[in-house]
Structure formats: C-alpha cells, structure tokens
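Colleague: My questions will all concern the structure given below.
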Amino acid sequence: MLAEPINLQSWISENKDLLQPPVNNYCLHRGGATVMIVGGPNERTDYHVNQTPEYFHQIKGDMTLKVVDDGKFRDITIREGDSFLLPGNVPHNPVRYADTIGLVVEQDRPKGVNDKIRWYCSNCREIVHQVEFYCYDLGTQVKDAILAFDGDDEARTCKCGTYNYSRPN
C-alpha cells in the first residue's frame, strides 16, 4: 500500500527534537532513495564520499557545502530556497547553521558499492583517517563512524603530528 503524503512544514514543526547532533538527520522515506530532513547546527568535520549523486534543497536558512573539487577545497553556499545536485564521488561536508532545515535525497547504494567517511588534517590537508562501508542506513551509520573517530586518538593524529577533531573547534 502506498504511503500518505507528508506535509513537510507540519512535520518539521512537530519533530524538530528528532534532529540531533552530530548529523542531525531523520529519514522520512526509504526504498530506492532515502529522503532526509536535516537540521542545524550540526557538529562534524568529516567528508562523506559516495558513488551516487546527492540532491540538496534548503528549506530554511543557508548552509555551506564544503567540497574537495578536483583536489581543491572550496565552499558552496546553498541559500534558503536553493537546490543543488552534487555529483557522485565528490568528498563533501555539509555545514548546517543554527535554526536551519534542509532536505537531502540520496540514491540507495548498488550492491558492492561502498561509501567512505574521511577526515582531512586541519593542518596539512592530507587524509588523516578514512572508513569504508556499505551504506544501508543513513540514519545511523554516518553517526556511528563519527562517534568511533571521536573516540580513537590514534585515528585522529595525522602523520604531521596534528591532533584532529570530529567536531569543529
């Protein structure tokens, strides 16, 4: 049986408490694609790499999508009302500010295709740590990877000697 439509504005006003750090996401729909509502502020420094595109629509407030584009770090501002389609395989870190709400759509992962969560050194910009996994639950797996990094001093220490953080300082 088909699900009933969801009024996003009503859902957001009734369920803001479900949008908790470090990722602040809640999965509304699953099956073929995952549709998430994501609130701010979030608390993360990781970059997500997945092989499929991600669609961002900013419902309330602005956000910054930090990306590594052809080897260069840069910021993309997605303003309230804007939509943006991020191609697959682009490392990205969505930075969400206080009292902001966005909608994100991600395609279900093909079998055998893994996601990566990586952290770049805050000093030398080299990859300090990376985990790879088959993503079947965006609601929990990204958060679990962030919490594991947060508790692993060895993973957080770069070859250059810099100690890195899972949350912005």
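Counting starts with 1 at the first residue shown.
Glycine is treated like the rest: Cβ placed from N, Cα and C.
Here's the feature list from Swiss-Prot:
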- Arg44: O2 binding site (BINDING)
- His48, Glu54, His92: Fe cation binding site (BINDING)
- Glu54, Arg96, Glu106: substrate binding site (BINDING)
- Cys121, Cys124, Cys158, Cys160: divalent metal cation binding site (BINDING)
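What's the neighbourhood like for each of these?
Modeller: Counted within 10 Å of its Cβ, the other Cβ atoms near Arg44 (O2 binding site) come to 26, all protein chains included.
Under DSSP, His48 (Fe cation binding site) is assigned to a strand (E or B) in the three-state scheme. Cβ neighbours within 10 Å of His48 (Fe cation binding site), excluding its own Cβ and spanning all shown chains: 22.
In the three-state DSSP scheme, Glu106 (substrate binding site) is classed as strand. Remark: Glu106 (substrate binding site) has Ala33, Thr34, Met36, Asn50, Thr52, Glu54, Tyr55, Leu138 as non-local neighbours, by Cβ distance under 8 Å and separation of at least 6 in sequence.
In the three-state DSSP scheme, Cys158 (divalent metal cation binding site) falls into the coil class. There are 20 other Cβ atoms within 10 Å of the Cβ belonging to Cys158 (divalent metal cation binding site).
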Colleague: Using DSSP and collapsing to three states, where does Arg96 (substrate binding site) fall: helix, strand or coil?
Modeller: strand
Colleague: Quick check: of the binding-site residues listed here (Arg44, Cys124, Cys158), which one has the Cα closest to that of His92 (Fe cation binding site)?
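Modeller: That would be Arg44, nearest by Cα distance.
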Colleague: Which ones, of the binding-site residues Arg44, His48, Arg96, have a Cα no more than 10 Å from the Cα of Cys124 (divalent metal cation binding site)?
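Modeller: Near Cys124 (divalent metal cation binding site) by Cα: none of them.
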